[in-house]
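As structure tokens, the structure follows; a few thoughts come after it.
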Amino acid sequence: MQEIMKAIEESAIKIKHLIETGDTGKSEFENSTGDTQLKLDIASDKIIEDIFKNIPSIKAIVSEEQEAIVNLHENGKYLIAYDPLDGSSLVDVNLSVGSIFGIYENEFNAQNIVASVYVVFGPRVEMVVTTTDVKMYRLLDGKFTFIQNIKLNEKGKLNAPGSTQNCWAPFHKQLIDDIFNDGYRLRYSGGMVPDLHQILLKGGGLFSYPGTSDKPKGKLRQLFEVFPFALAYEKAGGQAVDGFKRVLEVQTTHIHDTTPCFFGSNSEINRVLEVYKKNV
């Protein structure tokens with residue numbers, strides 16, 4: 001596992017340089033879900049794949065930017081699903097973006113996730129590693145240095161409501177309105193990584209990306225985005241649910257499956273579960 005962490009650190013330093021100097025324009029290609037790929041997406045993906053190819057403990061990888069699993073080392077122990085540059089469309093307006101890694105054993109599903117890592121590329125570069133606990137590192141003088149352990153409070157103050165609002169179910173809209181009426185502050189940039197990172201560092205709150213009329217199964221991808229952050233939130237003392245159960249109990253049938261998801265401290269997630277139980 002240690003060599004995987006070092007590989008992610010190496011990729012993060014290279015992607016940092018790419019963000020600072022690379023072309024932010026669109027490519028002529030689409031990814032597996034039909035989104036037009038930015039040149040930064042393709043370049044970031046290649047950086048990570050090229051580094052992972054040299055790690056004997058990695059059996060296979062799959063990128064959000066690619067359709068299929070890439071087999072690497074037959075005797076490897078770990079499978080890695082990753083989003084090379086989540087929120088890449090925010091780079092050209094100079095907002096924070098990130099990379100997300102889910103590390104699995106045996107097969108790609110929630111029950112087999114053993115660790116996760118995400119990297120935030122903002123004014124500073126920070127890396128959060130989740131195994132049995134949640135540790136944050138910061139890039140200082142070219143090296144990642146341990147800063148702190150992360151723990152959530154029982155109740156937070158931030159609300160980050162995602163997806164297209166005119167496609168929300170009425171009860172979901174009422175839930176979000178009620179949370180704001182209770183004094184929560186809006187914190188939503190459109191980047192999953194910095195928004196979830198902020199809630200973790202500020203002690204708690206709610207990030208929601210529900211099923212909607214146009215996307216009943218949600219938009220965020222299980223293996224690449226949802227499960228890695230679910231592990232982080234649970235190990236930090238919070239919860240991650242799909243509205244009814246832990247997202248780490250969700251079954252994956254295809255590597256690019258999506259799911260509705262809610263991440264937060266216990267008070268907010270219990271509120272979500274209560275509302276969804278009554279209305280669905």
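Heads up, the Cβ atoms here are built off N, Cα and C, so glycines get one too.
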Residue from GLU225, GLU234, GLU249 that Swiss-Prot also lists as binding Mg(2+) 2 with ASP83, ASP86: GLU225
Record-annotated Mg(2+) 1 site (Swiss-Prot): member among GLU64, GLU65, GLU67, GLU105 besides ASP83, LEU85: GLU64
Other CB atoms within 10 A, centred on GLU64 (Mg(2+) 1 binding site): 23
Cα proximity to GLU225 (Mg(2+) 2 binding site), best match among binding-site residues LEU85, SER89, TYR188: LEU85
Site with most surrounding Cβ atoms, counting all protein chains shown within 10 Å, from the binding-site residues SER88, SER89: SER88
The one of ASP83, ASP86, TYR188, LYS219 whose CB sees the fewest other CB atoms within 10 Å, among these binding-site residues: TYR188
Cβ atoms near GLU225 (Mg(2+) 2 binding site) (within 10 Å, other residues, all chains): 26
